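Features reported for this protein in Swiss-Prot:
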type	residues	note
ACT_SITE	ASP13	active site, proton acceptor
ACT_SITE	HIS41	active site, proton donor
BINDING	12-18, 40-42, ARG306, 332-334, 414-416	GTP binding site
BINDING	ASP13, GLU14, GLY15, LYS16, ASN38, ALA39, GLY40, HIS41, THR130, ARG144, GLN225, THR240, ARG304	IMP binding site
BINDING	ASP13, GLY40	Mg(2+) binding site
Amino acid sequence: MPNVVVVGAQWGDEGKGKIVDLLTQYADVVVRFQGGNNAGHTLVVGGEKTVLHLIPSGILHPGKSCVIGNGVVIDPEVLVLEIDRLKAKGALKDDGQLVVSLDAHVIMPWHKAIDVAREQAMGEGKIGTTGRGIGPTYEDKVARRGLRIRDLLDEARLARKVKERAALAREELARLGAKLELDEPALVKRYAELGRRVSGYATDVSIWLHRALQQGKSLLFEGAQGTMLDVDHGTYPFVTSSNTVAGNAVVGCGLGPTAVDYVLGISKAYSTRVGGGPYPTELKDETGERLRKLGGEYGATTGRPRRTGWLDALALRYAVRVNGLSGIAMTKLDVLTGFDTVKIAVGYRLDGKVLDEMPSDPEVIERCTPVYEELPGWTEKLEHLRTWDDLPPRARAYVKRVEELAGVKVVGCSVGADRGETILVENPFLAR
């Protein structure tokens, strides 16, 4: 079977966790390759809801291996908490089911303090960070002064690095008008204990995955956030601190580009965004509030209400291009049931001209207004439907129009929250 990358094709929160959970049955290994616990995957299986922030969604499938790659930044407190919660639910019965990279960087208390202090200092220019220390941790990684999982396994090395890095953090926080209250010896003992808790899962992930491929195992790479939040290709600076696009899947786990055979982009049937930044199709009216309520658009990590709007075909086409998408899975199609008309942005109006591609400058995007194409809505409930032909004609027409505008096939539609409430037209693991 091929190896498949799943990435968000919008601004995150597209429902990647559900699709990964569905596709895991066809894979042997699920790999997380970037981001941290600023991402939240909400899974509903048999009516039971599980929210994961670090461990890949596939962990709910017995017999599947889940990998956290070197490109992920890990809050060890969160990782241990998720392990304990999963075990309490009867999942993760085999410790060999979870593999954690020794080279993944660690989120420390000062990263969170710096994250919050900076956001407060920015005033109206806030980016909308979750305050979980993701950005400062990636900064330390690039500056070559970060701590990695392997550092937690050597208490003497950990103590030395904590002393050095905490001093730098105090200086930065002082400049921001904040303080770092830290008992360094206690912190070292706590993080050494966390290191012992995760030591049984920690290994060289590159070697582990290479051997899995040699054994003929298939991989499912699970992205976090979305294309429009990529640090290089998103609406900078209103982005996350890592590369969220498909090209980073192999970089974030120690494999080469030939390991990827298929790239699946996940897009809602409408759109949402959390935090600041340009969002041309945003609806600040009753329709936007209706989408928010029907779609349950509140962050799995922060609980913040998401900004909502109609589907943006320009943004989706951009995601197709920068990820090299092979296909799209459309989620929350059921949320659009009951709307008299549904709209798709097919262009942007700017200074009297109509653009058919998304500008690369976010300040220019801010000045754009959407040009909409309207399609008739449908009233039929979709949750019980399981095949493409079962969908109401108007719902099928909507999906087909999105497919035409995006330039790639819509290979699946989610029609409800539960894993089983999905119509799979083409299985990426069986595609030729």
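Cβ atoms are placed via backbone N, Cα and C, with glycine included.
Inclusion criterion for the recorded positions ASP13, LEU333, VAL415: a C-alpha placed within 10 angstroms of the C-alpha of GLY40 (IMP binding site); this criterion is met by ASP13. Here the candidates are the recorded positions ASP13, LYS18, LEU333. The one whose C-alpha lies nearest to that of ARG304 (IMP binding site) is ASP13. Site extent for IMP: the farthest pair of Cα atoms among ASP13, GLU14, GLY15, LYS16, ASN38, ALA39, GLY40, HIS41, THR130, ARG144, GLN225, THR240, ARG304 sits 34 Å apart.
Ranked by Cα separation from VAL415 (GTP binding site), the recorded positions ASP13, THR130, GLN225 are led by ASP13. Closest in space to LEU333 (GTP binding site), of the recorded positions given as ASP13, ASN38, HIS41, THR130, GLN225, is ASP13, taking the CA atom of each residue. By the criterion of other Cβ atoms within 10 Å of the residue's own Cβ, the least surrounded of the binding-site residues ASN38, THR130, GLN225 is THR130. Look at THR42 (GTP binding site): DSSP puts it in a strand. Here the Cα atom of THR42 (GTP binding site) is found 17 Å from that of THR130 (IMP binding site). Rounded to a whole number, the C-alpha distance linking GLN225 (IMP binding site) with GLY12 (GTP binding site) is 4 angstrom. Taking the C-alpha positions, the distance from ASN38 (IMP binding site) to GLY12 (GTP binding site) comes to 11 Å. The two recorded residues GLY15 (GTP binding site) and THR130 (IMP binding site) have their Cα atoms spaced 19 Å from each other. In this structure, the binding-site residues under consideration are GLY12, GLY15, GLY40, and the one with the smallest number of other Cβ atoms within 10 Å of its Cβ is GLY40.
Around the residue listed as 'active site, proton acceptor', the C-beta neighbours below 8 angstroms that are at least 6 residues distant in the chain are GLY226, LYS268, THR272, VAL274, GLU297, GLY299, ALA300, ARG306.
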